[in-house]
Amino acid sequence: MLKNRIHRSLLSSLQPPLGPLRSPPSPATTPLRRLSLGPSRLPPPEWIEPYIDVSDLAHPPGDPQPSPWFLRILSLLLSSSNPDSDLRSFCRSFLVRLSPRFVAAAIRHPSLQRHPAAAVALFRFATRQPSFLHSLESYLSILHLLSLNPSSSITVARQLVSELIGQTDLILSPSAAASLLRSLAALGLIEELLWTWRRMKECGIEQSLLSYNCLIDGLVNASYVDSAEKVFEVMASGAAGAGILPDVFSYNTLMKGYLKAGRADKAAARFRDMPANGVTPDKITYLTLIQSHYSESSFCDCLALYHEMEEKEVDIPPHAYSLVISGLCKECRAFDALKVFDRMSERGCQANVAIYTALIGAFGKIGDEEKVMGLLEEMKINGHKPDEVTYGALISCLAKAGKMEKAMEWFEFCKSNCIPVNAFFYSSLIDGFGKAEMVEEAEKLFREMETNGLMADSYCYNALIDSFAKAGRIVDAFTLFEKMTEEGCDQTVYTYTIMIDGLFKKRKNEVALKLWNQMIDKGITPTPASFRVLSNGLCLSGKFNRAMKILDDLAPMGVVPETAHEDMIKVLCKARRIKHACKLADQIVDRGREIPGRVRTMMINALRKAGNGELAIKLVHSKIGIGYDRFGSIKRRVKFQTLLEI
């Protein structure tokens, strides 16, 4: 009855006043006239809550049921490219406003954790609603969300905390203070963290182990490691209060700060202090140190920490296994890596694609093709799909073993199965064909790579240049060498080493020396291998003094090849230029570069390895290098050049 009365009242209010009789309007225009003539009386917007109201139930369920509005707003935020505009249209269409509880609950929802921009848009939209004021819970929720991705959220977080500080009537509870401290610590906002610390005192909240740990974490994240160390020392001395002593989280956080600042020695010292202070290292402690050693290529230390974790029965996280196995593979300790891998499988920890790829690469380097194929099959059986890195390691293994036919079969398999083929595939194959003296195939692959739009890197150029140089095609090698400069590809010390070696073999000594000087002028530091190539070429052309001078010039650069003299003597003996070798040995001794006894040993070994055992025996039984001849009162060292006169 009440419903009917309201309906009749609404109709009467829409009817026009009585007047002269007119012809009845057409049915099509009647509703439009009625709406245009009546006044607009929309109800005020309703504040909506995130959950269905169950306050009238005697026994409400444990988990509140989300309201339909809640799920629709979340869906809108996740699908919208302009959340602010879409939220405004939605709320205007349905005559609703978002309550502070609604905003806080929506921001806390797991679906928004990966969409911080949408959460911030919701927070800002709610701020502009009439008669709206954010609750402390809303601020805590948005700051927690932003702390999950601190690198891109610091500016927004600082603005939000500034708004929160502006609320003079803000009262912090112990749980709210703890949440705020954790978020600010993760964001590294030190000034805001210290403000929270002071506000806690004003609100009568006593400091706890959690608050001190958050302070250390915040200081470390802001790179104030020295300040974090001072807070830690206050805790360790007992001055922080009864029961507030550093725990494993305190140690882990400070060690993270030390390692971040490059103070690995201090981190190791704290690690050693833990048992003495009654704190047991956990898996995070070990993982932090393993990551540090791995980044410094100290793979033996990674393995030692892994063994310590096993001895102490500490739970080993999958990432720790991955780092240890990868480190051993990089050191070509394939079988040691396999032992760790087997132990990992025994403990029920599943390997990932990266671990299998590292093992395949390690066994590929030592030429164990059977093990490589076995690991590939095992990988597929366990449900892991090999990626381009895995296939790249496989093809590289086959190419290094000289099995180019199989390598090309896998290469074609990758292309036919839409597996991305990158420059590493081509570089491995080009290098393999070059070493197999199939230069035409290597050149064909290089052209195919360029046709497919792949940029050749220095490794790829070096592989083809090396192929040309070994095949005696030094002109083609030099053309490719100059093309590197045109394409903007940096020439490495290995590039110059290949070219210098090829030029010396073609007796283009001056061009080789010109390239050496060019390398020095470009600031490329020579390696012992590059000097060995240069010195061998100079020695074989009889330019010992030039080789000695270049060796002297390398010392200020920090390049001191320990076996330089031995290498020069070896190459001369191998080329059957014994006279030149003896002359060089005398120059080395006369200039005080090596002690005579060491040079004598070099000569004996060089002669023996060159197949000239007879001269080596003569040298052993002579006084050359270690004895002296007397001419009256004059004593002279027996020269190596007298070896040919014995």
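Every residue gets a Cβ built from N, Cα and C, even glycine.
Remember, TrEMBL labels are computer predictions, not curated facts.
Look at TrEMBL and you will find 13-38 tagged as region 'Disordered'.
The compositional bias 'Pro residues' annotation in TrEMBL covers 17-28.
Annotated repeat 'PPR' per TrEMBL: 247-281 (among others), in sequence order. Sequence-distant neighbours of the repeat 'PPR' (247-281) (same chain, 6+ residues past either end, Cβ-Cβ under 8 Å): 209, 212-213, 216-217, 219-220, 223, 225, 228-229, 232, 235-236, 288-289, 291-292, 296, 314.
The domain 'PROP1-like PPR' annotation in TrEMBL covers 302-410.
Annotation comment: TrEMBL describes 317-351 (among others) as repeat 'PPR'. Mean pLDDT across the repeat 'PPR' (317-351) comes to 92 in this model.
In the repeat 'PPR' (352-386), helix, strand and coil residues by DSSP number 26 helix, 0 strand, 9 coil. The repeat 'PPR' feature in TrEMBL is assigned to 352-386 (among others).
Long-range Cβ contacts of the repeat 'PPR' (387-421) within its own chain (Cβ-Cβ under 8 Å, at least 6 residues beyond either end) map to 353, 356-357, 360-361, 363-365, 367, 369, 372, 376, 379, 428-429, 431-433, 435-436, 438, 441, 452, 454. Residues or ranges marked as repeat 'PPR' in TrEMBL: 387-421 (among others).
Broken down with DSSP, the repeat 'PPR' (422-456) shows 26 helix, 0 strand, 9 coil. As annotated by TrEMBL, repeat 'PPR' applies to 422-456 (among others).
Under the heading repeat 'PPR', TrEMBL lists 457-491 (among others). Mapped onto DSSP classes, the repeat 'PPR' (457-491) shows 26 helix, 0 strand, 9 coil.
According to TrEMBL, the feature repeat 'PPR' maps to 492-526 (among others). The DSSP breakdown of the repeat 'PPR' (492-526), given as helix, strand and coil counts, is 26 helix, 0 strand, 9 coil.
Within its own chain, the repeat 'PPR' (527-561) is flanked in space by residues 493, 496-497, 500-501, 503-504, 507, 509, 512-513, 516, 519, 567-568, 571-572, 575, 577, 580, 583-584, 587, 591, 593, which lie at least six positions past its ends and keep a Cβ under 8 Å from the stretch. For 527-561 (among others), the entry in TrEMBL reads repeat 'PPR'.
The DSSP breakdown of the repeat 'PPR' (317-351) into helical (H, G, I), extended (E, B) and coil residues amounts to 26 helix, 0 strand, 9 coil. With DSSP classes pooled into helix, strand and coil, the tally for the repeat 'PPR' (387-421) is 26 helix, 0 strand, 9 coil.
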